[in-house]
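Below is one structure; the comments refer to it alone.
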Amino acid sequence: LGTCFGDSFDPSDVAMLSLQVSCLCGSAPCLLCGCCPSAKNSTISRLLFTFFLFLGTLVSIIMIIPGVEKELHKLPGFCEGSGSVLGVQTHVDCGSFLGHKAVYRMGFAMTAFFFLFAALMVCVRSSKDPRAAVQNGFWFFKFLVLVGITVGAFYIPDGAFTSVWFYFGVVGSFLFILIQLVLLIDFAHSWSQLWLHNAGESNAKGWYAALCIITFIFYATSIAAIVLLYIYYTKPEGCMEGKVLISINLILCLIISAVSILPKIQDAQPHSGLLQASLITLYTVYVTWSALANVPTQTCNPTLLVRNSTSSATATQPLTTWWDAPSIVGLIIFILCTLFISVRSSDHPQVNKLMLTEESVAGAGGEAAAVESGLHRAYDNEQDGVSYNYTFFHLCLLLAALYIMMTLTNWYRPDENLRVLTSPWMAVWVKICSSWAGLLLYLWTLVAPLVLPNRDFS
């Protein structure tokens, strides 16, 4: 201790050091002592787990930067130059997709990390459960576990891993897109209800004008985007798949917009309107754009050559160029949705039931005590019952890890010889089917009160 503190050694320094260590290894409330406003312990824990996910995402982004990617072959065991595909020994030119491999291994590490905690937290009912202490504390050791799994993932041998893990990524991404759609629909309904409520209370026409302006912007952006999709992803002759997919989604968006303002729908749901439909339309256009960006036909996809730069036509370009507009937009949506999952419950009981969350009032006394004492710290709001399902939360982050893995690699996969990264039709159809599922889900939220009149959809 004398070496650490010098001649000015004070026992209080040891106490402060031990307090800092306990904060790293202890519960979430300690992390906010004296530096942040009072907050729920459950919210802080979710945010810290989300921070781990964002940290892994940042590492993945760094690894696909061309300058960093070229150095990945120096990692021991990461690029041995040979592998086994389905038991057949083949020569692997892993230099052609080092960034792809790195992102897949980071995705595997984050998925394994959240799966571990999802399994550990099965059937936890309150913070009095001993496993709840693991959920809400020991953050330093959790970080070490994540680092250990990540290091081990980079020693996974080449071969069938990348091909098999691609299908796990496809399934997980599809499920996370559905979660995104649920959150987007809930956000749209909450947004419209809030502005209409403000307009009704203040009797100000400004709120109605804002609704009209935002709705017009969303629809104008969607129309402009659809025109650009027809221009860049279709040709006068050929590209029939792109024409059909764009046209189908355009027709479906027109249908939901018309249904949202029908008199019977308005009677059953007075807050339903074009704002929600315009937001869903805009998201559907984005998903359609993202799907068309994966069409493997060169003449129908102008971005294919840029991103599949292992071909001879672009031999002078960097080995992999993953950044394109659909990926950037997808990354932004991913960040917003994961934060949404972490910080709030829905205003709608039906959505809370679907997301396995609830507004817990168990910690009201703790919040009042924290305010009265003037302490800025997190308080335990889960003594009588958890405010969210721990296992389901970790499964959501698991799916988010798979989604960001596929987004950063643009849903590309190595060919049979593991030499060229290709964009499969499977990626196109998964995204298109997710857009259809989202439109049907939103349509159901509109007609459900008419189909099931005895249920409460307030």
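Cβ atoms here come from the backbone N, Cα and C positions, even for glycine.
Residues annotated as transmembrane segment in TrEMBL: 15-35 (among others).
Counting only same-chain residues 6+ beyond the ends of the transmembrane segment (47-68), those with a CB under 8 A from a CB of the stretch are 28, 31, 99-100, 102-103, 106-107, 109-110, 113-114, 117, 139, 142-143, 146, 150, 318-322, 331, 334-335, 338-339, 341-343, 393-394, 397, 400-401, 404-405, 408-409. Per TrEMBL, transmembrane segment is recorded for 47-68 (among others).
Within its own chain, the transmembrane segment (102-124) has Cβ neighbours under 8 Å at 49, 52-53, 56, 59-60, 63-64, 69, 72, 78, 131-132, 134-135, 145-146, 149-150, 152-154, 156, 161-162, 165-166, 168-169, 172, 386, 390-391, 394-395, 397-398, 401-402, 404-405, 408-409, counting only residues six or more beyond its boundaries. The feature transmembrane segment is assigned by TrEMBL to 102-124 (among others).
For 136-156 (among others), the entry in TrEMBL reads transmembrane segment.
For the transmembrane segment (162-185), same-chain residues at least 6 beyond its ends with a Cβ under 8 Å from one of its own Cβ atoms are 85, 100-101, 104, 107-108, 111, 276, 279-280, 283, 287, 333, 337, 340-341, 351, 354-355, 396, 398-403, 405-407, 411, 413-414, 418, 426-427, 430-431, 433-434, 437-438, 441-442, 445. According to TrEMBL, the transmembrane segment annotation covers 162-185 (among others).
Annotation source TrEMBL lists transmembrane segment at 206-232 (among others). Beyond the transmembrane segment (206-232), the same-chain residues lying 6 or more positions past its ends with a Cβ under 8 Å from any Cβ of the stretch are 192, 195-196, 198-199, 242-243, 246, 250, 253, 273-275, 278-279, 281-282, 285-286, 288-289, 292, 302.
Residues annotated as transmembrane segment in TrEMBL: 244-262 (among others).
Look at TrEMBL and you will find 274-292 (among others) tagged as transmembrane segment.
The feature transmembrane segment is assigned by TrEMBL to 325-343 (among others).
Listed by sequence, the residues of this chain that lie at least six past the ends of the transmembrane segment (387-406) yet keep a Cβ under 8 A from its Cβ atoms are 40, 42, 46, 49-50, 53, 56-57, 60, 103-104, 106-107, 110-111, 114-115, 117-119, 121-124, 132, 135, 168-173, 175-177, 179, 331, 334, 337-338, 341, 345, 355-360, 362, 381, 427. According to TrEMBL, the transmembrane segment annotation covers 387-406 (among others).
Here TrEMBL flags 426-452 (among others) as transmembrane segment.
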Same-chain residue ranges lying at least 6 outside the transmembrane segment (426-452) that approach it to Cβ under 8 Å: 170, 173-174, 177-178, 181-182, 184-185, 189, 241, 245, 249, 252-253, 255-256, 259-260, 264-265, 268-269, 272, 276-277, 280, 283-284, 287-288, 290-292, 294-295, 406, 411
